[in-house]
Amino acid sequence: MDKDSSAAAESALSCSRCGKPAYLQCPKCVELKLPREGAAFCTQDCFKASWSSHKSVHFKSKLANVQSEQTQDGWLYCLRKGQTRTSELPYFDWTGALRPYPISQQRLVPEGLEKPDWAVDGIPKIEPNSDLQNIVEIKTPEQIERMRETCRSYRAELAQALIEPKLGLGWAQLGCTIAREVLDAAARIIRPGITTDEIDEVVHQATIAAGGYPSPLNYHFFPKSCCTSVNEVICHGIPDARKLEDGDIVNVDVTVYYKGVHGDLNETFFVGEVDEASQQLVRCTYECLEKAISIVKPGVRFREVGEVINRHATMSGLSVVKSYCGHGIGELFHCAPNIPHYGSILAGNKAVGIMKAGQTFTIEPMINAGVWRDRLWPDGWTAVTADGKRSAQFEHTLLVTETGVEVLTARLPSSPKVFPWLNS
C-alpha cells in the first residue's frame, strides 16, 4: 500500500472513545498485533481516558494466546476443587483484576515414597474421623523430633536433582532440606516473568528430592504441590500459567509430609518494585504473626492469639479474615485445635482450651487491605477478597514447650534476605 492510500486508510479509522477520525494507535495493541479497529484514538487525551477499560483487550488477547498454545499440551482451567477441567475461562463476577489461567497436569511422585492416604484417590481417610479432631494431642518426644526434621532440619545426604535449566537453579547449591528450605528454594526464584506453575515445580522437585511428599498434592483433589496466592487471593491459590508481574505480591504456602508427619509454613513475597501500601500490608501481616507467637506458652488460651492479631491489624487500618484459621498439625495435616485469628468472643472467636507443652499447631493470619470478607472462585479452592483489594499471609508451625514456644519452621541463616525490615 503506497503512502497516499495508507493515509486514507488511517483516516477511515474512528476513535475508540469518541468516534472522531483517529490517527494514533495503542502501542500495546500494535505489539500484540491486534486489529487496528478498536485500537485507534484521535488524541492522547482520549487514549488516557480510555485506558482503564481498553487495557482489558490486552489481557483477553494474552489469555487467548495462553489458552490456544497450552490446551494442546494438557493445560486447562480447574473446576470443582480439582475434579474437573475445562478449556474455557469460567464465568464469574471477578472481584479484582486477577483471573485464573490454565494449569498443567498433576505432577508425578516416585514409587516407594512414603505418602499420605489421599495421595492416590484424593480422599483423606484417617483425618476426618480421628479423635484428634476434638482432642488436642500432646506429642511424644519421638513425634516432636520427627516434626523438627520435617519442618526445618538439614539432612546429611545431598540430592543431585536439578530444576529445569530455564530456572537456573540446582539443588546441589541448596543442600537437601525439608519444609523451611523448600519454601526458601521457591523464594529464590520469585521475580517478574516467572509463572506460579514454575514455583510449584520447584516446590515439588525440592520436596521429592528430600524424600518427602508435598502434602497439598491431591488433598481433597487439590491439583498442585503448593498454594500460590497472588494479590487479592487470600489463600489456596492454584499455581497456573500466569506470569508474575512487577508490583505483584505472592504468598507461597508449603507443607511437607516426611517420616509420617507434616510441616506447614508460608510467606508473602514482593515481586519487583511494590507500592508502599502493599509493603505496609505485608509487613503488618508479618508483625501480626510475630506478636501472636510471642504470647505462646503453657496456660495461654487459644483465643488470645486472635485478640493479639486483631488488635495489631485494626490499629493499622487493616482487617482480619475470619473464614480460615490456624490448626493442629502432626501425623494429621489438619486437626484440633482451631486457632482463629480474629478478635474476642464477642466477635465470634469461640476457640476453647489452653496451650500445653507438647502441642503443635499453626498460626497463619490472613490480613486484608479492605474488608475481611472473602469469595470463592469457580475452581472451588481460590479464596479472594470480596472487594478485590490485596491480602497477605504468613504462617509457622509451632511447638509449645515447658517455658514458651519453639518455631519449628523458623528462618535459617541461609534463608534468602527478602524482607527489608529484617535486614536493618
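Just so you know, glycine gets a Cβ as well, placed from its N, Cα and C.
Unlike curated records, TrEMBL annotations are generated automatically.
Going by TrEMBL, these are the annotated features:
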DOMAIN    12-65  domain 'C6H2-type'
BINDING   His236, His334  protein binding site
BINDING   Asp253, Asp264, Glu395  Zn(2+) 3 binding site
BINDING   Asp264, His327, Glu364, Glu395  Zn(2+) 4 binding site
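Around Glu395 (Zn(2+) 3 binding site), the same-chain residues at least 6 positions away in sequence with a Cβ under 8 Å from its Cβ are Asp253, Asp264, Leu265, Asn266, Glu267, Leu289, Gly326, Thr362, Ile363, Glu364, Thr409. Rounded to the nearest whole angstrom, the C-alpha distance between His327 (Zn(2+) 4 binding site) and His236 (protein binding site) is 15. For His236 (protein binding site), the same-chain residues lying six or more positions away in sequence with a CB closer than 8 A to its CB are Phe222, Cys227, Ser229, Asp253, Trp381, Thr382, Ala383. Summary of the Zn(2+) 4 site environment: with the site residues Asp264, His327, Glu364, Glu395 set aside, the chain residues having Cβ atoms within 8 Å of the Cβ mean position are Asp253, Leu265, Asn266, Gly326, Ile329, Phe361, Thr362, Ile363, His396, Thr397. Looking only at the domain 'C6H2-type' (12-65), the predicted model's pLDDT averages out at 79. Take the mean position of the Cβ atoms of Asp253, Asp264, Glu395, the recorded Zn(2+) 3 site; other residues of that chain with a Cβ within 8 Å of it are Val254, Thr255, Leu265, Asn266, Thr362, Glu364, Thr397.
Secondary structure by DSSP for the domain 'C6H2-type' (12-65): 27 helix, 6 strand, 21 coil. Taking all protein chains in view, 23 other C-beta atoms sit within 10 angstroms of the C-beta of Asp253 (Zn(2+) 3 binding site). Using a 10 Å Cβ-Cβ cutoff, Glu364 (Zn(2+) 4 binding site) registers 26 neighbours.
Under a cutoff of 8 A between CB atoms, and with a sequence separation of 6+ in the same chain, the neighbours of His334 (protein binding site) are Glu127, His327, Gly328.
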